[in-house]
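**Q** If you look up TrEMBL, you'll see S129 marked as active site, phosphoserine intermediate. The feature Mg(2+) binding site is assigned by TrEMBL to D79, H190, T192, E350. The annotation Zn(2+) binding site is assigned in TrEMBL to D79, D355, H359, D396, H397, H472. What TrEMBL lists as compositional bias 'Basic and acidic residues' is 256-266. The feature region 'Disordered' is assigned by TrEMBL to 247-266.
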Amino acid sequence: PWSASCSAKRRLIDDNMKVAALFILGCLVWGGMAKPEFPEPEKHPDFWKEWAQRTLKNALTLQDLNKNVAKNIILFLGDGMGVPTVTAARILKGQMSGQSGEETQLEMDKFPYVALSKTYNTNAQVPDSAGTATAYLCGVKANEGTVGVSAAAVRSQCNTTQGNEVTSILKWAKDAGKSVGIVTTTRVNHATPSAAYAHCVDRDWYSDGDMPTEALQSGCKDIARQLFENIPDIDVIMGGGRRNMYPRNTPDVEYPGDKKHNGTRKDGRNLVGEWIDRVKDKKGYYAWNRKDLLSLNPNNVDYLLGLFEPADLPYELERNKETDPSLTEMVDVAIKILRKNERGFYLLVEGGRIDHGHHEGKAKQALHEAVEMDRAITRADLLTSIYDTLTVVTADHSHVFSFGGYTPRGNSIFGLAPTVSDIDQKPFTSILYGNGPGFKLVNSTRENVSTVDYEQNNYQAQSAVPLRMETHGGEDVAIFSKGPMAHLLHGVQEQHYIPHVMAYAACIGQNKDHCRTNSGSPSLSHISPTLALLLAVKWLLC
């Protein structure tokens, strides 16, 4: 007994020594990594003071509010792009160009006005992308899972649709004579874009093949059909979703041997063919690959339908650059087509696969999607003017994504925290999820991430709770804005407020009286003489 007791004590001492050694090692690592190299000027107070003074001078220029009429309005929607995702994407963007990352500016960071959006659905504290899309596109909060209908409609109950339809800012713009467009990296009939044109009590009714017989017999229409029928003259539509447009078992043009990509429609309709027939004499073009898209001369195109995949477009990191266009390329073509309208345009752009990356626990995919959307924002900036174009960047909701762990300056955003856990003595990545598929036990304990490639594209970051799919987060999301009336997006606002501001700025929808003169033309009374002259010269030159 005495010998067994001594052995137990020795094991306990050994275990304690191991823990102490690991703790000391962690502290040494932290001590070494806590002094990263950073630019020499940052050591001097004047560096920071001068930077702040430049920022202050720029802020003072914002006292002269831009109250022009917004000829053009653009909404960039980062699906699932919560504030932690914005910050991490900023660091990634910098690190991709060889910088430490923290000091980098995203294009959206340069916008002068920032607000917060409360994202809850009428029946959900933590929302989904359908109810939120109805809010920021139609100006009405709604139930989760429904698009383009009020909260009086009940998910999946077809008979609650009629009488509860709500229209979107895309329709308001079209009714005002503007050109309108939708660009997304998801299916064009996915939750976000569908709220721009559809009225559907179930976001999953992509085609009639996805609908219950009862709903079809009651007269409800699938979302793909509504895309072409509700607002039949949408000028530009680009994204994925080919299979929902063709009759069941029709082979896909790009993957003819893969049955999972075959058409899904039960009604036998070829919606793409019908669209082509309708616009063939109106400078209308259909493209299903990048080459066809980029071969078009936007000056000779009035209507464009681009469906580049059977379902969603691939992640940017996995995109076939020969066959699939980037979000930036799609935005470039869209604006060049839409801006030909002298009355201006409305464009909805969705970086939709940020959300998908997070759901799969693949932070690297999600963040590269966010960086690509920021490139698209940059391209839009080059093609438009802050004087007559209101640009808004926001998200529908957040995710339970975070990064932390006292990482030193310049630490790879996908890298390890500098110390091991003081509980299980194992390393951990800075990026973690509150729940999701990254939960993994090895021999009944947390996986040692140093034994796997945690920087590879599809690595699933560890999560606290095991789920097949990670969930949305419920916190507020950011609204970045610039251009006419952008200052109205301020403070903490309900999400449904966004399209009302955009409509007010553009004098469309229900807000028109404030920007009409006696002659009925848009008023430029708020524009300085110098700015009015510049706009006149630009109009003449263009």
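Note that Cβ sites are derived from N, Cα and C of the backbone, with glycine treated the same way.
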**Q** Could you work out which of the binding-site residues (H359, H397) has its C-beta surrounded by the smallest number of other C-beta atoms within 10 A?
**A** H359
**Q** To the nearest Å, how far is the Cα of D355 (Zn(2+) binding site) from the Cα of T192 (Mg(2+) binding site)?
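**A** So the Cα of T192 (Mg(2+) binding site) lies 11 Å away from that of D355 (Zn(2+) binding site).
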**Q** Tell me the Cα distance separating S129 (active site, phosphoserine intermediate) from H472 (Zn(2+) binding site), rounded to the nearest angstrom.
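**A** Distance between the two Cα atoms comes out at 9 Å.
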**Q** Between H359 (Zn(2+) binding site) and D79 (Mg(2+) binding site), how far is it from one CA atom to the other, in Å?
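**A** Distance between the two Cα atoms comes out at 11 Å.
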**Q** Hey, how far is D79 (Mg(2+) binding site) from D396 (Zn(2+) binding site), Cα to Cα, in Å?
**A** 6
**Q** For H190 (Mg(2+) binding site), what residues in its own chain, 6 or more apart in sequence, show a Cβ-Cβ distance under 8 Å?
**A** S129, T184, R203, Y206, G239, G241, D312, G352
**Q** Rounded to a whole number, how many Å is the Cα of D396 (Zn(2+) binding site) away from the Cα of E350 (Mg(2+) binding site)?
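**A** The separation of the Cα atoms works out to 10 Å.
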**Q** Express the distance between the Cα positions of E350 (Mg(2+) binding site) and H397 (Zn(2+) binding site) as a whole number of Å.
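**A** Roughly 13 Å, rounded to the nearest whole number.
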**Q** Tally of helix, strand and coil residues over the compositional bias 'Basic and acidic residues' (256-266) according to DSSP?
**A** 3 helix, 1 strand, 7 coil
**Q** Cβ within 8 angstroms of the Cβ centroid of D79, H190, T192, E350: which residues besides those meet this for the Mg(2+) site?
**A** L77, S129, A133, T184, T185, T186, A191, P193, G351, G352, D355, D396
